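The block underneath contains the structure these notes are about, expressed in structure tokens.
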Amino acid sequence: MGCIKSKENKSPAIKYRPENTPEPVSTSVSHYGAEPTTVSPCPSSSAKGTAVNFSSLSMTPFGGSSGVTPFGGASSSFSVVPSSYPAGLTGGVTIFVALYDYEARTTEDLSFKKGERFQIINNTEGDWWEARSIATGKNGYIPSNYVAPADSIQAEEWYFGKMGRKDAERLLLNPGNQRGIFLVRESETTKGAYSLSIRDWDEIRGDNVKHYKIRKLDNGGYYITTRAQFDTLQKLVKHYTEHADGLCHKLTTVCPTVKPQTQGLAKDAWEIPRESLRLEVKLGQGCFGEVWMGTWNGTTKVAIKTLKPGTMMPEAFLQEAQIMKKLRHDKLVPLYAVVSEEPIYIVTEFMSKGSLLDFLKEGDGKYLKLPQLVDMAAQIADGMAYIERMNYIHRDLRAANILVGENLVCKIADFGLARLIEDNEYTARQGAKFPIKWTAPEAALYGRFTIKSDVWSFGILQTELVTKGRVPYPGMVNREVLEQVERGYRMPCPQGCPESLHELMNLCWKKDPDERPTFEYIQSFLEDYFTATEPQYQPGENL
């Protein structure tokens with residue numbers, strides 16, 4: 001179809017840090033090549049980074065690679081996720097403290113430094129609050145997920161809020177972190193309790209993470225073991241920084257944090273003027289448009305997807321985008337803003353390592369071992385489990401539509417738009433631009449897209465991971481794939497793939513959609529793949 005793909009070099013840029021807030025970041029649509037500067041070796045890989053082979057990339061609509069990838073997704077219903085501190089719910093607290101530095105993006109924003117204190121004037125907007133800096137006396141808007149009530153547990157550097165066990169392990173096990181590094185988070189299993197997660201080391205397991213449940217007393221105190229009780233969490237943490245006292249290791253330093261993404265670019269920056277965007281480096285080109293690295297308002301680095309006129313109706317796109325921006329999860333790429341008149345522009349978070357497919361084939365991903373690959377699959381399942389809970393549908397789940405950031409963080413992109421495409425070679429479902437090899441048979445043949453057809457696609461995506469980006473059904477053309485799958489053919493276990501993972505793939509490929517597992521089950525299976533026989537929480541010595 002004359003679709004071409006170009007890709008630039010890449011380098012580290014935006015890092016991930018889960019927020020201190022009830023629900024993580026926003027949602028989106030986007031895939032593209034990596035940042036055009038230097039190649040940075042993947043810390044988790046066993047070999048050094050390599051140069052990108054730009055000549056071996058194939059066609060995609062928006063610069064992923066391998067085959068055609070439009071964008072993907074459709075919606076039915078959804079639930080609105082509350083922001084960090086929903087309007088009117090600051091509990092009477094008016095003094096908040098900054099958790100991170102922030103550089104103003106507009107004339108209405110306030111720049112501030114970590115530790116700066118604010119009086120909150122108006123928090124009815126949810127994501128962006130009007131505040132007055134106590135230090136400077138200036139008024140302006142601040143991102144609500146960058147602040148916490150002064151002198152609260154949320155303002156403590158070691159408190160990471162609502163974070164799962166697996167995400168805690170990912171952060172603590174990042175390269176460069178030492179034994180004893182720690183964080184405190186909400187308990188996943190016990191309401192009102194907390195968990196202390198510590199990086200440890202032993203001869204059998206090497207680097208690992210231990211989790212200790214912090215329980216709450218009826219009188220408001222806290223303890224890990226009843227023989228050592230504390231009035232506050234702060235006192236508990238201080239005690240264990242001075243003595244291991246039964247833990248695997250005394251607490252040394254707080255786990256490093258990275259600024260979270262703001263919810264949107266700025267207050268009221270949703271439908272933005274085209275002139276506010278500067279397209280700087282073209283990252284990819286495909287059948288339906290281009291992807292650029294650029295800058296918004298001269299201040300903020302973003303990814304910009306430009307759609308060819310006629311790809312979809314602007315009114316339908318804007319309606320779908322309104323739904324997509326309300327979906328927020330730290331494994332979904334946040335949708336920042338749109339230019340809603342043709343040519344449509346879609347503005348999203350920039351992810352430094354580009355698409356998962358390119359990362360596996362041409363980047364540091366080709367050196368990854370099974371534990372890292374399974375963890376990436378678990379992250380994707382985490383994001384899809386959220387989409388499942390929100391009664392949303394992706395429609396085009398594949399490695400080319402997953403973006404990779406620093407430290408192997410994966411985020412789902414390009415959902416919510418596939419059903420809006422008006423190209424005949426795509427809407428025919430068996431046309432040249434339709435991703436047959438990733439699509440469940442009931443969706444390809446009859447247009448029955450559901451979360452269960454997404455589960456089928458996830459099974460195909462798993463083969464992309466373990467084969468480092470190999471095209472599914474090697475040696476077979478689209479029509480042959482459709483015929484053979486209908487007759488019961490399923491891909492054999494890829495070389496080097498454990499049979500237990502192949503069994504999960506086959507569950508995803510059940511002919512009856514109702515027999516396929518939920519993403520909640522898949523996430524749990526993958527997160528516990530290497531640790532299923534270990535206790536979730538450590539009792540500690542003499543505890």
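Glycine is no exception: its Cβ is also placed from the backbone N, Cα and C atoms.
Residues Tyr336, Tyr386 are shown; Swiss-Prot lists phosphotyrosine for one of them, Tyr336.
Here the candidates are Tyr16, Tyr537, and Swiss-Prot annotates Tyr537 as phosphotyrosine.
For the annotation phosphotyrosine, the record in Swiss-Prot points to Tyr345 among the listed residues Tyr159, Tyr345, Tyr521, Tyr529. Confidence for the domain 'Protein kinase' (277-530), expressed as mean pLDDT, is 89. By neighbour count, meaning other C-beta atoms within 10 Å, the densest spot among the binding-site residues Leu283, Val291 is Val291. The closest partner of Gln285 (ATP binding site) among the modified residues, by CA position, is Tyr345; the full candidate set was Tyr336, Tyr345, Tyr446.
Local packing around the Cβ, expressed as the count of other Cβ atoms within 10 angstroms, is greatest for Tyr336 among the modified residues Tyr336, Tyr345, Tyr446. If you measure from the Cα atom of Gly289 (ATP binding site) to that of Tyr345 (phosphotyrosine), you get 10 Å.
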